[in-house]
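See structure below.
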Amino acid sequence: MKWLVLLGLVAFSECIVKIPLRRVKTMRNTLSGKKMLNSFLKEHAYRLSQISFRASNLTIHPLRNIMDMLYVGNITIGTPPQEFQVVFDTGSSDLLVPSINCLSPTKRPCSKQDKFKHHQSSTFRFTNDTFRIYFGSGTMRGFVAHDTVRIGDLVSTDQPFGLIFLESWLDIPFDGILGLNYPKISFSGAIPIFDKLKNEGAFSEPVFAFYLNKDKQEGSVVMFGGVDHRYYKGELNWVPLIHPGEWSIPLDRISMRRKVIACSGGCEALVGTGTSLILGPRTVVENIQKHIGATQQCFEYFVSCSAVYALPSIVFTINGINYPVPPQAYLVKDSRGQCYSPFQVNRANPSAENWILGDVFLRRYFSVFDRGNDRIGLARAV
């Protein structure tokens, strides 16, 4: 399935591999037009190249923006290579793509994604290891296989990955997920691709970073093995992880108009590139919606688009540093001309004071994930 078209534009600079991207019609707009968006949000809450140049040990890989705030990039699997559009997700650890034999629970073929044709790859090998992942109202089942995986010019031979043979997702505008979290949360038990490449000496530094462009068409990248300083302003502020082994950091408080509205005693936040929204506990999210004048329609909250000039910034204080997100960043207009709030209930844990800072936050702030020092760096994106 090809929801997006890549423009073959390539930018090169010293010590960089860069693959530019483009966004076309988004999934959110498509579902809104068909009046299917509320059903999608209810059933699928978060659980969740191309041309490449490489110099030195820094690889910059392009991402495309879909569903207004979801970013995907291309990888290939197999010999000869088969191409897949995947979400680069810091909230999970596994590389997952559908098998050519994948079925839905009703025995119909899986969603219209591209599917891996294992019989066409000369480097593919099976294992007897299986896995099952539960999410929301459905499940995903598969087995662990091995094959050659390429991210731009990065090559991982005999890479273990999850090959899905049963899934209950609605049609989705991407093929799979490439997890970038620590190995300990892997569902399949396979070594994540970043760890395997790191162990093989593919990177001069065990880091990766995200620049998520606000532009609707192109410019977003994920970079491996280093940081391109042209993508942010000022200095990186480093935040130690709460629990080494997961990309969660301490959140001091959340405030609006200099008044604390959440996390008054501190809480924690997962920095999650695999979700478009900012997710938090139900009571706090509902309080934020009241502060910004949002009205609920099923599972979404809408705000008058004209309010963007009157609403205050929402400030996330992390490790003593304020990270404001202005209304121009947290209000998003859909295809119907309505503006919606990105603050949503974390349905996986609706009562706990745990947050997920998704792409609404990360479009504003360049992020560096440092595996060598168990920390995350944040700076204002250009």
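Cβ atoms are placed via backbone N, Cα and C, with glycine included.
Summarising the annotation, Swiss-Prot assigns disulfide bond to Cys102-Cys110, Cys263-Cys267, Cys305-Cys339 and lists similarity to another entry as the type of evidence. Per Swiss-Prot, the feature domain 'Peptidase A1' maps to 71-379; the stated evidence is sequence analysis. Per Swiss-Prot, N-linked glycosylation site is recorded for Asn57, Asn74, Asn128. Taken from Swiss-Prot, the feature signal peptide covers 1-15. Taken from Swiss-Prot, the feature site 'Ancestral active site' applies to Gly272.
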Nearest-integer angstrom distance between the alpha carbons (Cα) of Cys305 (disulfide bond) and Cys102 (disulfide bond): 42
Overall pLDDT of the domain 'Peptidase A1' (71-379), taken as the mean: 91
Residue with minimal Cβ packing [other Cβ atoms within 10 Å] among the disulfide-bonded residues Cys102, Cys263, Cys267, Cys305, Cys339: Cys305
Residue among recorded positions Cys263, Cys267, Gly272 with Cα closest to the Cα of Cys110 (disulfide bond): Gly272
Fewest Cβ neighbours within 10 Å, where candidates are the glycosylation sites Asn74, Asn128: Asn128
Cα proximity to Gly272 (site 'Ancestral active site'), best match among recorded positions Asn128, Cys263, Cys339: Cys263
Distance [Cα-Cα, Å, rounded] between Cys102 (disulfide bond) and Asn128 (N-linked glycosylation site): 17
Residue among the recorded positions Cys110, Gly272 whose Cβ has the most other Cβ atoms within 10 Å: Gly272
Top Cα neighbour of Asn128 (N-linked glycosylation site) in the set of recorded positions Asn74, Cys263, Cys267, Cys339: Asn74
Per DSSP, three-state class assigned to Cys110 (disulfide bond): coil
Cα-to-Cα gap, Cys263 (disulfide bond) vs Cys339 (disulfide bond), nearest whole Å: 26
Cα-Cα distance linking Cys339 (disulfide bond) and Asn74 (N-linked glycosylation site), given in Å to the nearest integer: 30
